[in-house]
Structures are given as structure tokens and as C-alpha cells.
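Noted in Swiss-Prot for the protein shown:
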BINDING   H54, H56, H113, D137  Zn(2+) 1 binding site
BINDING   D58, H59, D137, H175  Zn(2+) 2 binding site
Amino acid sequence: MQVIRLAALSDNYIFLLHDSQKNIAAVVDPAEAEPVLKQLAQLNAELVAIFNTHHHNDHVGGNQQLIQNFPQLKVYGGAEDKGRIPGQQVFLQPGDRVQFTDRVAEVIFVPGHTRAHIAYYFPPQTADTPGELFCGDTLFAGGCGRLFEGTPAQMVESLTKLRSLPENTRVWCAHEYTLKNLQFALSVDSENTELQKRFDEVKTKRSQGIATVPSLLGVEKLTNPFLRWEQPSLQSAVNSNDPVQTFARIRGLKDKF
């Protein structure tokens, strides 16, 4: 399974999963249809599935046009998003499995950004290959999603689930927010040398127009303040020793950054 990253809108990423042997594809969070249709035409591939993480328009905006072009495809989303995802046919529960070609993804319930948000995790096929995590707007490179429908406690629980995955997991988040996220991270975790190093690397990449997605989960655990709420330096920065309160205060600062 090849993952093809497609740029969309102003800062979105759409992910096309392609099986070159069967010449079929699935798409994760099609913000718009045109980039997907263009890539499918280049591959001469049939689209068989849409995997939506949540209902926001910049993740489902392309659903209807893709359905019109490929009427046989199936649209997957969280069960609690029923009525909010265009064309949804499959209503996923936590722990469900979804299959694309020979790969099977675990459905992880990650409320916080929205009340129904899910992530799709494809475990590694061999010991030396990475797993693939499609996490929508729950976990970003260097950050996390705003809390529109969920609570800090829910988001901490959700991020704890994602944080427990193998460190070599590739994190395919849906936006190119990394540079600004790391600028904020330095404001609350300025002594973190791994973070300083990552910021410099990302700044160089973005100045050259290079994407910073995917990232590696192990790097996120060292540098992303929204996975580090137990760290004394971060707790001190927001004057709290409670993990959920620490997270909530960091999130509040980021909302105003």
C-alpha cells in the first residue's frame, strides 16, 4: 500500500492509499475532489473507499463529487457522525476494523476536536516497517486540534491512545501547521533541545516548500507539548501538576497564540 500525499485548499492534506497490483485506491479525508480525481487519472486507478475521520467540511468536502464519479465506492466514518458526513454508508464503532486491499486498519475513537472523531491505524506488516496513522485533526505534527465539541479530559484520553502506538508509526495529520505549532511549543518548552532542533529542521524545510507530514510518533513524543503533559517543565510553565489541567492550560495558550 502506497500513501500519496495530496495538497488541497490552503493547508490541507488528503491521503490517497494505492494498491498498484490491483490498481485500486482509497482516500482519507478528501477536502475537495479535484486533486483526488487528477491523481486517480494519472494512476488509472479505481476509487473504492473514502475513510473520513470527522465531519468538518475541509475533510468531507470532496465526498459527493467522488461518489458521483465512483458510485460503487463505500464511505466510512464514525457511528456518532451519522447524518454529518456526506454519503456515509459504514458507521464505525471503536475497535472496528476496516480493510483496504491486504491491509487492515484499526478504528480508534479519539473524541476531543469533535465528539465523533476517529483515527485509522494500519499496523506494520513486518517488524522493520512503520505503521500508518491517519489521525485527522486530533494529533498534528507539533500540535493537536482545537476542542470544538470535546473536553480536555477527552482529548487527553484520545491522545494517550495515540501516544501508546509504536514510536516508528508514521503520523499522517491533515494540515501543514507544523512550523507555527513548533513556534508555540518553544514558548512553553523553550529548554527542550530536541524541540529546538526540530524547529530548525522544519523552518528549513518550509522555506524550501517541503512538506513536514508525515512525522514520526517518536519525534512527537519528544517535542509535541500536547503529548507531554506529565513533563515537569511543561507543568511548571502553566503552574499545574494535574495532567488534564496542564493540557487544558497549554491548549488555552495555543488558542490565543
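Cβ coordinates are placed from backbone N, Cα and C, and glycine is handled just like the others.
Feature annotations (Swiss-Prot) mapped to structure.
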| residue | record | Cβ contacts under 8 Å, 6 or more apart |
| --- | --- | --- |
| H54 | Zn(2+) 1 binding site | G77, G78, D81, H113, T114, A116, H117, I118, G136, D137 |
| H56 | Zn(2+) 1 binding site | T114, D137 |
| D58 | Zn(2+) 2 binding site | L9, N12, A31, A174 |
| H59 | Zn(2+) 2 binding site | N12, D29, P30, A31, N52, T53, G136, D137, A174 |
| H175 | Zn(2+) 2 binding site | D11, N12, Y13, D137, F140 |
Give the sequence-ordered set of same-chain residues, not counting H54, H56, H113, D137, with Cβ within 8 Å of the centre of the Cβ atoms defining the Zn(2+) 1 site.
T53, H55, H59, T114, H117, G136, T138, G145, F148, A174
Starting from the Cβ centroid of D58, H59, D137, H175, which together make up the recorded Zn(2+) 2 site, report each further residue of the same chain whose Cβ lies within 8 Å of that point, ordered by sequence.
N12, D29, A31, H54, H56, G136, A174
Can you check what DSSP calls D58 (Zn(2+) 2 binding site), collapsed to helix, strand or coil?
helix
